[in-house]
Amino acid sequence: MNNKKKWNIKTATKIFHQPFFDLMFKAQKTHRRNFKPNYMQVSVLLSIKTGLCPEDCKYCSQSAKYNTGLSNEKLINLDKVINAAKKAKKTGATRFCMGAAWKNPKDRDMPLLESMIKHVKDLGLETCMTLGMLNDHQVNRLANAGLDFYNHNLDTSPEYYKNIVTTRSYNDRLVTIEKIRNSGIKVCSGGILGLGETIKDRISLLVQLSNLSKHPESVPINMLVKIKGTPMENNTKVSSFDFIRIIALSRIMMPNSFIRLSAGREYMNDQMQALCFMAGANSVFYGCKLLTTSNPSMDRDIRLFKKLNLNTKNISDIVNEKMSNQMYYNAAL
Ligand code: SAM
Ligand code: DTB
Ligand code: SF4
């Protein structure tokens with residue numbers, strides 16, 4: 001990851017527009033050189049503080065600027081987090097991601113956040129948090145508590161960003177990502193497709209991500225989930241093939257990163273998801289809820305993983321022919 005190639009829009013655009021099967025072949029070859037081809041990393045997501053966010057991200061159900069009908073919730077207590085993490089562990093997830101609708105955490109919240117990290121790690125899960133912008137002191141505290149990953153997305157190109165968020169700048173995001181990188185916490189950073197951006201903006205986002213000081217270990221690619229009440233509620237749907245091409249290009253540009261097929265999977269059929277996996281996506285959020293919106297049910301995902309013979313680290317231990325759906329659900333609940 002350190003001897004990485006420097007990417008520019010011209011070269012990346014040429015690859016993006018290759019004939020579809022040539023692009024898929026190149027992405028699959030890159031994937032097989034760097035990863036086990038039939039392995040899927042699974043993370044479970046939990047919202048630890050919901051709604052009333054002071055930022056104005058035009059796609060988000062949680063911004064206080066839009067009337068989305070969301071029920072807001074203050075920072076939840078430790079027991080709720082531990083219980084959710086135990087359930088996640090039972091279902092075979094290997095990483096537990098905790099998200100808060102904040103511009104930045106307050107110092108008074110840090111002790112609770114640190115306890116959440118410690119307790120979740122004690123269950124044998126990797127930890128990830130996404131809490132907004134961080135100062136140096138906060139990054140160090142999270143690193144010392146043992147946080148494994150921090151999610152902080154660039155979302156779109158630097159050129160298009162001001163059309164999506166006005167309460168912070170692209171540079172603010174880059175600064176926080178660099179702080180995380182320097183602290184030793186692994187970086188999770190990606191974007192969303194469907195914000196009204198052009199293909200060039202999507203490629204420019206990947207150029208930004210691939211030219212960070214080190215590639216993010218994890219790159220979530222979200223498909224916009226249209227939220228009623230936000231300025232993006234009537235956005236045009238992204239073409240499926242353009243979406244798959246962006247996954248393939250992400251794999252080629254960041255060959256060692258886990259590419260996560262993130263929000264929007266609920267609206268993708270099995271064939272679309274399989275093409276995304278073939279293009280190099282090797283990570284998903286698992287469980288019927290993302291932060292505030294829904295995700296495919298676990299049994300739908302298990303059926304899909306079985307059809308594709310995909311292994312997750314633990315799921316193959318609990319999902320086998322002898323286990324009835326009811327037993328599986330009991331384990332998952
Ligand atoms: N508040 C923190 C922040 O913005 O960094 C963390 C949570 S935020 C919900 C994490 C990411 O989820 C966003 O950067 C965005 O990429 C994605 N996201 C949020 N709402 C979405 C939506 N409606 N559709 C698709 N992705 C979404
Ligand atoms: C990311 O890129 N996608 C996740 C995670 N990082 C935190 C969040 C998706 C949120 C989808 C909308 C919702 O459920 O509110
Ligand atoms: Fe707040 Fe994050 Fe939603 Fe933006 S994406 S409004 S920062 S919760």
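Cβ atoms here come from the backbone N, Cα and C positions, even for glycine.
Features as listed in TrEMBL:
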- C53, C57, C60: [4Fe-4S] cluster binding site (BINDING)
- C97, C128, C188, R260: [2Fe-2S] cluster binding site (BINDING)
- 38-256: domain 'Radical SAM core' (DOMAIN)
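What TrEMBL annotates, mapped onto the structure for a quick look.
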residue: C53; record: [4Fe-4S] cluster binding site; DSSP class: strand
residue: C60; record: [4Fe-4S] cluster binding site; DSSP class: coil
residue: C97; record: [2Fe-2S] cluster binding site; DSSP class: strand
residue: C128; record: [2Fe-2S] cluster binding site; DSSP class: strand
residue: C188; record: [2Fe-2S] cluster binding site; DSSP class: strand
residue: R260; record: [2Fe-2S] cluster binding site; DSSP class: strand
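In the structure shown, the C-beta of C60 has more C-beta neighbours within 10 angstroms than that of any other entry among the binding-site residues C53, C60. C128 ([2Fe-2S] cluster binding site) counts 23 other C-beta atoms within 10 Å of its own C-beta, drawing on all protein chains shown.
Checking the binding-site residues C60, C97, C128, C188, R260 against ligand 1 with a 6 Å cutoff on the Cβ atom leaves C60, in sequence order. Only C53, C57, in sequence order, out of the binding-site residues C53, C57, C97, C188 have a CB under 6 Å from ligand 3. Counting in whole angstrom, C57 ([4Fe-4S] cluster binding site) lies 21 from R260 ([2Fe-2S] cluster binding site) by their C-alpha atoms. Shown in sequence order, Q41, S43, C188, G190, S218, V219, P220, I221, A281, S283, V284, F285 are the residues of the chain, 6+ apart in sequence, with a C-beta less than 8 angstroms from the C-beta of R260 ([2Fe-2S] cluster binding site). Counting Cβ atoms from all protein chains shown, C188 ([2Fe-2S] cluster binding site) has 28 others lying within 10 Å of its own Cβ. Counted within 10 Å of its Cβ, the other Cβ atoms near C97 ([2Fe-2S] cluster binding site) come to 28, all protein chains included.
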